[in-house]
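What follows is one structure encoded as structure tokens, with my remarks underneath.
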Amino acid sequence: MTPPLGTSWDLPQPPEPEPVAMTSLSNSLSPAQGLAPAANGDVADFFALLKPRVMALVIFTALVGMTVSHASVNPVIGAISLLMIAVGAGASGCLNMWWDADVDAVMTRTRTRPIPAGRIQPGEALAFGLVLSVGSVLVLGLAANWLAAGLLAFTIVFYAVIYSMWLKRATAQNIVIGGAAGALPPMIGQAVVTGGVGIEGLVLFLIIFIWTPPHFWALALVKSGEYARAGIPMMPNVAGPDSTRRQIVAYSALLAPLGLAPVFLGFGGQIYAVVALLGGLGMLALSLQVQRIRQGETANRTAMSLFAFSILYLFLLFSALLAEQGLGLFRPLPLIA
Amino acid sequence: MMDPRPLTPDEVRRRRKRSVAIALVLAALVAIFYALTIAKLGPQVLNRPL
């Protein structure tokens, strides 16, 4: 059950004793329900709205996008650009929490977030997210260039509107298509440094994009009950666990060779080649194990192992690129050189 | 319209922390725009006809 894009959920709202403009705005725009009426958020609550761990990952992948571009940028401009990319990503996370407060309230993993816990009012989060979105895009445009700013704006809109408001509750392909938002930061990083987007940024985008389904579906296999209760059509709930497991294997089989693409394109060296080869084989092996073990607590443990390993895999891939390009450890494979 | 209910000490403390955070963010913005101006224009920022 998904409303068309741009419509409000029109869920019953608690009566408002005071017609304060901001409060009534928040209640008319928020899809959340059953929230505590009084909110008095701490600074830490506002920071939590930005999804700090996602911000850290975005800084990391954008930095790698900058370093593989074979170009240089003024370090002050580079640092400010990275900060703005992180703030933009945080803003999209904030808008996602504003929109998904009703879903977050029924899932154990997310019910303590500031909005469902009643520490921050939906309208406060909406205003916070919008101000940071506009501010980060404008400052990035002024600091770096308007292509990078445009890509950041596209990322924010894609995550907050296309993914959160539309795809997430509409299709089992939600995280597949929505994964594009998480995959864009390396391209933004490259655009900051070069003023354009090259093959390096595109390949890093594809690696994160293809990595996203096996990563999230491994978690969804374990949490399918919670997603079902929240009404989110994740792949295990729609196509079933067996089909999801087959698709995890298919995406991992695609990811393993794709992870080696930087080696053949000349911006991944010997260290990266070893990490990508072993990591890709590890992803494939764990995926096959997830497909083989389907029953009981062992199945859940195997799926969570894949989930954890996928994070390590992506981290090591990008760390290897960063070490090679940033620390001068790049040595091309003899066959490629 | 103002909320007639007086703020509790905890709410006052949180409001103060939010105010300090806003002040710090504004100061950071000033520093960012200053650094950006110098980085973009370089020493030429001072080299102009009076």
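Cβ coordinates come from backbone N, Cα and C, glycine included.
Here the structure is a predicted model, which means the values were calculated and not measured.
The annotation region 'Disordered' is assigned in TrEMBL to A:1-26.
Look at TrEMBL and you will find A:54-73 (among others) tagged as transmembrane segment.
Annotated transmembrane segment per TrEMBL: A:79-99 (among others), in sequence order.
The annotation transmembrane segment is assigned in TrEMBL to A:120-140 (among others).
Long-range contacts of the transmembrane segment (A:146-167) within the same chain, counting only residues at least 6 positions beyond its ends with a Cβ under 8 Å from a Cβ of the stretch, are 2, 5, 81, 84-85, 88-89, 91-93, 95-96, 99-100, 129, 133, 136-138, 140, 173-174, 177-178, 180-182, 184-185, 187-188, 191-192, 195-197. Residues or ranges marked as transmembrane segment by TrEMBL: A:146-167 (among others).
Residues or ranges marked as transmembrane segment by TrEMBL: A:174-193 (among others). Outside the transmembrane segment (A:174-193) by six or more residues, the chain places 54, 58, 61-66, 68-69, 71-73, 77-78, 81-82, 85, 89, 92, 140, 144-145, 147-148, 151-152, 154-155, 158-159, 162-163, 167-168, 200-202, 204-209, 212-213, 216-217, 232-234 with a CB less than 8 A from a CB of the stretch.
Within its own chain, the transmembrane segment (A:199-222) has Cβ neighbours under 8 Å at 61, 64-65, 68-69, 175-176, 179-180, 182-184, 186-187, 189-191, 234-237, 241, 244-245, 247-248, 251-252, 254-255, 258-259, 261-262, 265, 267, 283, 287, 290, 299-300, 303-304, 306-307, 310-311, 313-314, 317-318, counting only residues six or more beyond its boundaries. Annotation source TrEMBL lists transmembrane segment at A:199-222 (among others).
Feature annotation from TrEMBL assigns transmembrane segment to A:248-265 (among others).
The feature transmembrane segment is assigned by TrEMBL to A:271-290 (among others).
Here TrEMBL flags A:302-323 (among others) as transmembrane segment.
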Honestly, do the transmembrane segment (A:248-265) and the transmembrane segment (A:79-99) touch, with at least three Cβ pairs under 8 Å and pairs 6 or more apart in sequence? no
